[in-house]
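Data first, discussion second: the structure below is written as structure tokens.
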């Protein structure tokens, strides 16, 4: 670890795929409480800008921090990626503090599309922020556009809170002149912020939250000590369904169950977690997980690898102490209990977006203060990989699981999805068959539409056949290479339970790079949040799908795009009754 005079921390991580990865602690949307919810997320969207033909890049805003990364591709170099990321924050050697109203307006439209996307695919339920005075979704809404001047002032104010002590930088390599460049830019920031934000309200403990969830989850408040953090690292590397959450200076260990009986037994204090010592902790975490640790606990004074001896040599005492603290919090009701509930009729009037949630007090009724049984946990395997064809009945359940677990990766091709995970076959089956997970998987049907229309365009099956078997999506006919013929009509309107644009496009020069560039252009115009592409077996032919509330504008953009003169697009309007009648004509597509 390299520490600059103003306390910026720099780490060299040669295993990282990114060229540069930067995080800012105490800079997430928990700072929006008592201001305008969404300022942090809007700032993230305003800052990031790059040439998608020579860079891969992204940014994210969480409850307590913001992070940005950039990777060079094609003709760009690692140094180019570093300078590009730094340019998001500095202009002519000075920290950016000026944002045009037109740019703010476009990005607010983009935020509304992101809200729509996330609300269609996920359940946006940030329980901790909600209990602390925020909303269940805090990423910003379209009504921010009514206060553009106030929003701009808040953005400038937020930039002035950045300080050296909040900055963490990972670089793949520290090339010649890179350290000097960091000194001249991030090293020029004050060690402490120019504007000190007000303290974040303390979240309420002792609550039961009934809301959509794939698991029965308990958030247990523990002290944010070094030993407890090492204990969390130990548990995270060893077991599934264990993680942590922070808000302000508070730390919660999250434990999820698939069995309601074990969950209730844990809550009553009659059972403890069965934590066994493994052979050795290697700290082989992803760069995302490592960055999260440094940002959530900015007081850590050493490289995490400096603690590898301590976490292995003292694991027994660390885990005993953590287990005792967990049990004490259960008995004292220093917990937040998340109980899966999928009723569409319930909502909390404090949530301005009217998401389904009910909050109750966690009482001491039925507490047993002498545990007499232990609950086994799901152990992690080193690695596992499966391939699921689009016709497999478990496809949507696996997609749902990957969306609810960050350590599961999906890679999609024309025939199916490749899934990398670290579960055993028995544990995967137990999750897939659990009542709460099945209800959760079925509670957001919008994600299914992406695969319904992919099946329609990539196979010879009729829309009627596909809809009849939508729970399993249909097997794609991939034994022979499909020849796709485009008809005269480029637009087909349908009614579904969601609003989106999808279809197939073909062009002689069409490739993934040009489509990614197109996606970023649509994002800058505020018309979409993201777009998915699948390369079909027919030459220069892609299937694309995007959720959007601006369907006509997106269609007009795609219809006039010279990249793909051949196109067949489906525009879905959201309605209570599905109507696919426009797709029942043979002129749509022939395979």
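Cβ from N, Cα, C; glycine included.
Reduced to three states, the DSSP call for residue 112 (Zn(2+) binding site) is helix. Here residue 112 (Zn(2+) binding site) comes close to 140, 141, 142, 549: these same-chain residues lie at least six apart in sequence, with C-beta atoms under 8 angstroms from its C-beta. Marked as Zn(2+) binding site by Swiss-Prot on the basis of sequence analysis: 41, 45, 112.
The active site feature in Swiss-Prot is assigned to 44. In sequence order, 59, 60, 61, 66, 68 make up the list of same-chain residues 6 or more apart from residue 44 (active site) whose Cβ falls under 8 Å from its Cβ. When secondary structure is read from DSSP and collapsed to three states, residue 44 (active site) falls in the helix class.
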Other residues, Cβ within 8 Å of 41, 45, 112 Cβ centroid (Zn(2+) site): 38, 42, 44, 107, 108, 110, 111, 114, 115, 139, 140
Those residues of the chain, 6+ apart, with a Cβ under 8 Å from that of residue 41 (Zn(2+) binding site): 29, 61, 111, 138, 139, 140
Nonlocal residues around residue 45 (Zn(2+) binding site), in sequence order (Cβ under 8 Å, 6 or more apart): 59, 107, 110, 111
